[in-house]
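Peer 1: Feature list, courtesy of TrEMBL:
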- B:1-16: compositional bias 'Low complexity' (COMPBIAS)
- B:1-22: region 'Disordered' (REGION)
- B:32-57: transmembrane segment (TRANSMEM)
- B:91-117: transmembrane segment (TRANSMEM)
- B:92-298: domain 'ABC transmembrane type-1' (DOMAIN)
- B:129-147: transmembrane segment (TRANSMEM)
- B:189-208: transmembrane segment (TRANSMEM)
- B:220-238: transmembrane segment (TRANSMEM)
- B:277-299: transmembrane segment (TRANSMEM)
Ligand SMILES: Nc1ncnc2c1ncn2[C@@H]1O[C@H](COP(=O)(O)OP(=O)(O)OP(=O)(O)O)[C@@H](O)[C@H]1O
Ligand SMILES: [Mg+2]
């Protein structure tokens with residue numbers, strides 16, 4: 001177990017590609033940190049640099065207080081779980097799990113006990129003498145985990161360890177990994193591009209984009225106070241809705257009507273010299289069916305025509321289309337591309353609202369919606385910065 | 001942790017599909033397959049089965065081209081003559097020696113070259129081309145250049161040796177030089193086959209071994225080579241069969257003198273120098289049997305034990 005410190009880590013590949021830029025993070029002993037971001041943002045590269053599989057171009061990496069930039073992977077005492085599991089196909093499960101100990105010249109009897117203990121924890125005991133090729137996907141995944149835990153290393157590094165499993169198994173394994181990490185208390189860095197995994201697993205989440213760290217914080221903090229458009233759109237499912245807005249005297253004029261600006265928000269916007277053209281972000285759950293909202297609550301009502309109604313039992317998701325969504329914002333285009341929305345060929349701008357199941361909303365007919373204006377986010381379209389939560393990311 | 005119940009069930013090996021019950025579609029497909037193979041089979045029979053059968057037929061006769069009228073059936077007499085002759089056993093011994101030593105050396109060098117080519121980041125194409133040059137040169141041409149190089153008085157390599165030495169006239173030195181020429185010539189082929197095998201070793205598995213604490217040699221011995229075993233066996237099989245039939249290098253370098261001849265040289269001498277078709281054919285058939293035995297051994301003994309015998313799923 002150890003503290004891992006990344007100090008100004010930069011990675012430039014030999015072909016000139018700048019994969020990671022000035023990465024600063026201190027991972028506390030025993031902490032579970034998630035690296036999340038869209039494909040190609042440098043998550044694996046960062047992890048491989050910690051493991052020693054990629055050279056660090058600039059910056060220093062300290063594990064347990066020692067600079068390890070120039071140490072080979074075998075001298076870093078770190079275990080890694082790969083996306084493909086990377087099991088040794090010619091060895092049985094027992095030998096796969098004991099391989100690192102065997103290389104470390106640990107006594108045979110000790111290896112045996114440790115492997116059997118790990119197999120018991122992971123429920124692999126009856127498979128110890130089988131070859132990886134004869135195991136199911138979930139079992140192979142557990143062997144890969146077992147190979148890491150028998151070593152009792154300073155840290156676990158996991159690169160999308162669950163992405164080859166089907167959805168149901170992924171949820172089960174996610175819970176098991178979280179429980180295992182808590183039980184062993186080993187520092188863990190976990191890479192995923194699945195924001196649900198990121199939100200549910202980690203003590204802290206690092207959101208990356210294009211090799212740059214966007215924000216570091218607890219899952220709740222990232223959800224409540226995203227520093228910019230990218231984090232706001234990336235965290236949360238379904239994602240935050242974005243609307244173009246013009247700042248008027250006391251209101252933000254949007255295609256959903258005028259949203260009142262309260263004193264706190266006005267002061268914030270004035271202090272930051274906000275431009276007149278802004279982007280408003282509203283989370284799906286900050287909408288409600290106007291008919292179900294009591295008189296007491298302050299907010300804004302508007303009318304929209306329902307395109308699609310999806311009921312998931314506990315909630316009803318209502319989709320509707322608005323003209324004049326924010327255009328020409330690279331972050332939003334990237335988010336849409338990452339979530340596959342760009343390919344759906346939808347015209348106009350799609351808004352998703354999460355409503356109480358008691359709603360009477362019906363497809364094709366207009367309905368009155370209520371927006372919780374106290375919870376909206378306002379972004380500067382030029383910088384993408386969140387003007388509602390101007391505090392810097394907590395490191 | 002408790003395993004997901006459904007998954008434990010799925011772990012049991014699935015029952016093999018029942019044999020012998022081909023559907024109509026499958027039968028038609030098989031018929032089409034046979035039809036498509038037929039032309040190739042016909043050509044094969046014409047160009048290989050017929051000569052082999054004819055050689056066997058000849059080997060069972062006393063047939064000397066100098067006295068064609070006296071040809072007559074002798075059954076296995078020629079085989080008896082060959083197998084009791086010290087020349088055959090001497091040639092066989094030389095052949096086996098050359099085969100074993102040259103293939104072993106080629107395997108090691110070829111593996112080293114394959115690793116270099118696999119890891120080369122800069123000038124990959126140049127490295128591969130350079131390595132392949134010896135393989136691209138006609139064997140006889142290369143053999144002659146070796147012969148000149150080792151001939152006292154004219155050769156640049158012979159000049160490096162103490163005065164008065166003529167390496168190609170001494171049995172052991174000549175065999176050594178024949179092996180050298182063989183190795184120089186065919187290591188690139190070995191390297192290419194091994195490179196193909198190396199490309200099949202998953203990068204993540206090797207990286208996992210690095211993280212698990214393996215040094216370069218440990219990765220090579222414990223992970224890379226076992227995973228390459230099928231490719232290594234194929235390379236060894238090809239090269240062993242090739243080396244066993246060695247002819248041109250010996251023919252040019254020593255002509256088989258001083259007990260340096262291989263079985264192929266012996267067969268050639270009997271067939272084309274002595275014009276004894278019966279004995280020569282018997283030797284050819286024996287070589288064919290040896291080659292078949294080598295192939296059989298490789299496939300039976302090593303093939304069955306190879307982890308990649310049936311392709312592994314990962
Ligand atoms: N060996 C390499 N040589 C050059 N560029 C590379 C190399 N490996 C990765 N890159 C580049 O570095 C960037 C980051 O890659 P990385 O593999 O870290 O992404 P990632 O965040 O893990 O993505 P994914 O979710 O798809 O796995 C990418 O733009 C990629 O093209
Ligand atoms: Mg990756």
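Residue numbering: from 1, along the chain as shown.
Each residue, glycine too, has its Cβ placed from N, Cα and C.
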Peer 1: Report the listed stretch (B:32-57, B:129-147, B:189-208, B:277-299) having the maximum count of Cβ pairs within less than 8 Å of the transmembrane segment (B:91-117).
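Peer 2: Looking at each of B:32-57, B:129-147, B:189-208, B:277-299 in turn, the most contacts to the transmembrane segment (B:91-117) are made by B:189-208.
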Peer 1: Taking contact to mean 3 or more CB pairs closer than 8 A (sequence separation of 6 or more), are the transmembrane segment (B:32-57) and the transmembrane segment (B:220-238) in contact?
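Peer 2: Between the transmembrane segment (B:220-238) and the transmembrane segment (B:32-57), which are separate recorded stretches, there is no contact, as judged by 3 or more close Cβ pairs.
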Peer 1: What residues elsewhere in the chain lie close to the transmembrane segment (B:129-147), defined as a C-beta under 8 angstroms and at least 6 residues from its ends?
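Peer 2: Distal contacts: 113, 117, 168, 177, 180-181, 184-189, 191-192, 248-249, 251-253.
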Peer 1: Given a Cβ distance threshold of under 8 angstroms, which distant residues of the chain, six or more beyond its ends, lie next to the transmembrane segment (B:277-299)?
Peer 2: 52, 55-56, 58-65, 74, 78-79, 81-83, 88, 92, 233, 236-237, 240-241, 244-245, 263-264, 266-268, 270-271
